[in-house]
Amino acid sequence: MGKKDKRWVLQRKNDHYYNLAKKRNYRSRATYKLFQLNEKFNLIKERNVVVDLGCAPGGWLQAARDIVGDKGFIVGIDLQTVKPLPYENVIAIKGDMTKEEILKQARDLLPEKPDVIICDASPNISGVWDVDHARSLELTTMALMTATKMLKKGGNFVVKVFQGDLFEKYVQLVSEYFDKAFTTKPRASRDESAEVYVIGKRFNGRKFDMNSKSPIVKLLDTNPKENEITSPSLRKDISKEDSGLMIKRIKEMRSKKE
């Protein structure tokens, strides 16, 4: 075992939330992030209907189930297969959240439009800061777009975003669809992490505007034949061309800001 591996193992042993999650049979330390976000912003209530985008390995599904109880309902969507949880009111679908057929599956399972949409998904990390920032924005913008398609009016939204020079533009975009937009970093987030959570309270019912002047929307690629969004962030085989295009877009937006 190398020095980095030993350091990682030691860090996990000393990680309060990792140990707490393991002790209480939660699948991820991130479970406590949702608990803390909900405590602060009152996003999810008992009996609510919730959709979890990018739900693997299931930590946020567990947290949401603890909050809504046995009278609520939760559907998760992820590209990976998620091991089923022992609750009749928690179902995970394997698929791409940007595909209409997957959203239809989710809608068919739900008893009504969701009260809350949550997303703790992370893009595939390249190690190149501009690319990872762009991928994060792309993924979180698609989560926002999905929320505007599914949420009931007055519903809530929470999504993880990596900080970067276009972060505030994303917050502004969220505020176009919700009465209030907030940013926060829960105690369970590691200090060294670049993650921040964006909260949208009370969905105003607007449809997502693909013609928006927001620079964030320009990170998305529309497939004109299928009228769907194509997402390099959701593919493990992301190409050098995709990465280069993202860097180019980020640099163009940065130069416009200046």
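Placed from the backbone N, Cα and C atoms, the Cβ positions cover glycine too.
What Swiss-Prot says about this one:
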{"type": "ACT_SITE", "residues": "K160", "note": "active site, proton acceptor"}
{"type": "BINDING", "residues": "G58, W60, D78, D96, D120", "note": "S-adenosyl-L-methionine binding site"}
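Locations of recorded Swiss-Prot features on the structure.
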{"residue": "G58", "record": "S-adenosyl-L-methionine binding site", "DSSP (3 states)": "coil"}
{"residue": "D78", "record": "S-adenosyl-L-methionine binding site", "DSSP (3 states)": "strand"}
{"residue": "D96", "record": "S-adenosyl-L-methionine binding site", "DSSP (3 states)": "coil"}
{"residue": "D120", "record": "S-adenosyl-L-methionine binding site", "DSSP (3 states)": "coil"}
{"residue": "K160", "record": "active site, proton acceptor", "DSSP (3 states)": "strand"}
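Between the alpha carbons (Cα) of D78 (S-adenosyl-L-methionine binding site) and K160 (active site, proton acceptor) lies a span of roughly 15 Å. Recorded residues K160 (active site, proton acceptor) and D120 (S-adenosyl-L-methionine binding site) have their alpha carbons 5 Å apart, per Cα-Cα distance. For the S-adenosyl-L-methionine site, whose annotated binding residues are G58, W60, D78, D96, D120, the maximal Cα to Cα separation is 18 Å. One residue stands out among the binding-site residues D78, D96, D120 for having the most other Cβ atoms within 10 Å of its Cβ: D120.
Taking all protein chains in view, 22 other C-beta atoms sit within 10 angstroms of the C-beta of G58 (S-adenosyl-L-methionine binding site). Cβ neighbour counts within 10 Å, taken over all protein chains shown, single out W60 as the most crowded of the recorded positions W60, K160.
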